[in-house]
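S.K.: Taken from TrEMBL, the feature active site covers A:Asp7, A:Glu68, A:Asp141. Annotation comment: TrEMBL describes A:Asp7, A:Asp141 as Mg(2+) 1 binding site. Annotated Mg(2+) 2 binding site per TrEMBL: A:Glu68, in sequence order.
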Number of protein chains: 2
Amino acid sequence: MIIFGVDPGLTRCGVGVIEAGAYRRLSFIHVDVVRSDPHTPQDLRLLEIYNGLCAKMDEFIPDVVSIERVFAQENRNTVLGTAQAAGLAMLAAAQRGIPVAVHTPSESKLAITGNGRAEKIQMERMVARILGLNQLPKPADAADALAIAICHALRPAGAIQGGEREQHLTKAQRQWAQAAQRAGKTSSAKRAM
Amino acid sequence: MIIFGVDPGLTRCGVGVIEAGAYRRLSFIHVDVVRSDPHTPQDLRLLEIYNGLCAKMDEFIPDVVSIERVFAQENRNTVLGTAQAAGLAMLAAAQRGIPVAVHTPSESKLAITGNGRAEKIQMERMVARILGLNQLPKPADAADALAIAICHALRPAGAIQGGEREQHLTKAQRQWAQAAQRAGKTSSAKRAM
């Protein structure tokens, strides 16, 4: 299963592609940052990001696109552009019939380090270890994109929110559900699970 | 000149098309709302809105796309979807080589009623009068889309922000520049002027 992770951004949009095999064995395929020039008008920047994402999806033909969730309360100066970049990744996936999953940074940290509040450097080290990389993935946007792809592969099985199921969950699944609930996560991630 | 106004939204995205002739004579061409089903996943909703906007642009072949500006401090529950819908309108325009202008609601009110804080009903009446419509345009999203198209046609000539030019502006141009400045407007609207 090819997982295409996206750390959305208008200036720098991270893309990380991994393969998830049997027994949750993960391997690195690709990492890159799709960029747009901050000095060009916004419509042309969006077109640049969209074209870059489409080209990568056509190159790696993923089975699922895993996108880092954008929150409205984030930095006001960039949040709208970030949301638009996430929207373009969703559009590109939908146009290709690829299911989309949305994961929060806390879910990603929890799935990768076991701690929903892990530091950045811990995350980068774990991403490198999980994928068997000799050095830390760079730049940071790229590492985040790999993390969000790994998160989708390593999330606890059946990690779907919903109070009626919680009593049957394992500890990891409960932690996951709680992290997702704290983030006010909606149902859009369910499709790909 | 065909102007394609967009009142962005994920559930209801207003589209209003007008023609601006000589002496700022405006005529009505089309008004509609592109919708997406709130019960479907977000990626499919974005695809629906995008396809609807593309179809309308291909039908009316506008010279400019005029989009209502989205503010980060707006309603948190909907602002990200609204920003994403605006991003899709920009993408669809950029893919067709159509210039994009972004106007704030206050600019629209000022251009249409002479008052940047006009009430909704005043705006609707003026939109109907300017376009020679026998009744108020409905639904509201559609009226707003027509307003944002009219705004682009009626904005004061040379209404570009920039302190160095302000001393040469007429009163209307000054009011416009002030309204735009208050809104923290960026340069993306300049291209279409």
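Heads up, the Cβ atoms here are built off N, Cα and C, so glycines get one too.
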S.K.: Helix, strand or coil: which one is A:Asp141 (Mg(2+) 1 binding site) in, per DSSP?
M.R.: helix
S.K.: I need the CA-to-CA distance for A:Asp141 (Mg(2+) 1 binding site) versus A:Asp7 (active site), whole Å please.
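M.R.: Pair distance, Cα basis, whole Å: 6 Å.
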S.K.: For the recorded positions listed here (A:Asp7, A:Glu68, A:Asp141), tell me which residue's CB has the most neighbouring CB atoms inside 10 Å.
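M.R.: Its Cβ has the most other Cβ atoms within 10 Å: A:Asp7.
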S.K.: Reported as an integer number of Å, what is the Cα distance between A:Glu68 (active site) and A:Asp7 (active site)?
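M.R.: So the Cα of A:Asp7 (active site) lies 6 Å away from that of A:Glu68 (active site).
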